[in-house]
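TrEMBL has this to say about the protein:
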type: COMPBIAS; residues: 135-154; note: compositional bias 'Polar residues'
type: COMPBIAS; residues: 161-175; note: compositional bias 'Pro residues'
type: DOMAIN; residues: 7-63; note: domain 'HTH cro/C1-type'
type: REGION; residues: 79-98; note: region 'Disordered'
type: REGION; residues: 135-178; note: region 'Disordered'
type: TRANSMEM; residues: 105-129; note: transmembrane segment
Amino acid sequence: MSDLGLLLRKAREQRGYTLDDIQEITKIRKRYLEAIESGDYKVLPGSFYVRAFVKTYAETVGLDAEEVLRLYHKELPKAQAPEAGSPEPSYIQPKSRRVQHNDRIGKVVVTSLMWLFPILIAVVIYVYYANNKTETNKPPASSPPSITTETALPSSAGAPTPTPTATPTPTPTPPQTTVTFREKKNSRYYFDVSPAGTHQLKITFPGGKSWVGVNENNSSGKSLYGKTPEQSEILTFELGETPLYVNLGFAKGAQIEIDGIAVDDEDVPGRRRFIFTVVGDAGPSATPTP
């Protein structure tokens, strides 16, 4: 096993990943991942794919991919250079003629612009002064005659009418968000969120980097996110009528919150998958298909 392969395998095992997990996250075939760990790069389809696969593998297990490529560049196969002795084109005269023709066209265009530019400036100045002259010659708008209205004051003999005081309408307190664990099924953790409406799902990374996948409904639904963010990043998603499927590659490094309420992910290393469903007063909705 190569030094690079040993580094990647240790990082993978520290996060509780199997090669099957890495294959599902990165979509790289398992036999290619095994070849990278063993240093048998001939199995991979080409030198370009070697570097691309190593970079993706390193990012998935929380390593600095650029630093890994820099430190272990001697182990990786270099991209193949073009073969020496390739025949040079024997007929290049048409290219020279095209260049000369383009030069002539360029000179004509430049000359034309030199003549058109002063004319354009003159037209702009003329229009500017013509507009100013028109505005100056306009007669001032006549002001309408002012009308003075006298209002009779009420007699002081009458008693003042008390002003009624409006009773303020109490503002209803919005219902508090609750997040309830429902069941664990097929390695998925199902949570119900109430009340009905729209909620904010937030993912932070206080414990380290983690690959994150977010889909609508289930793992085969529409993909909303799928990569390893920086540890300082904060991911937010809108949770409404459509359930959200959240796949954490390294659950111990991530923290899920819904409207500020932390979701208990058991704080253990390895992979965790969650499905969050908003429920109303009628009770829990149907469980999405995993």
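Sequential numbering from 1, following the chain as shown.
Using N, Cα and C of the backbone, Cβ positions are placed for all residues, glycine too.
TrEMBL labels come from automatic prediction, so no person has curated them.
Confidence in the domain 'HTH cro/C1-type' (7-63), given as mean pLDDT, stands at 91.
Note: the domain 'HTH cro/C1-type' (7-63) comprises 42 helix, 0 strand, 15 coil (DSSP; helix = H, G, I, strand = E, B).
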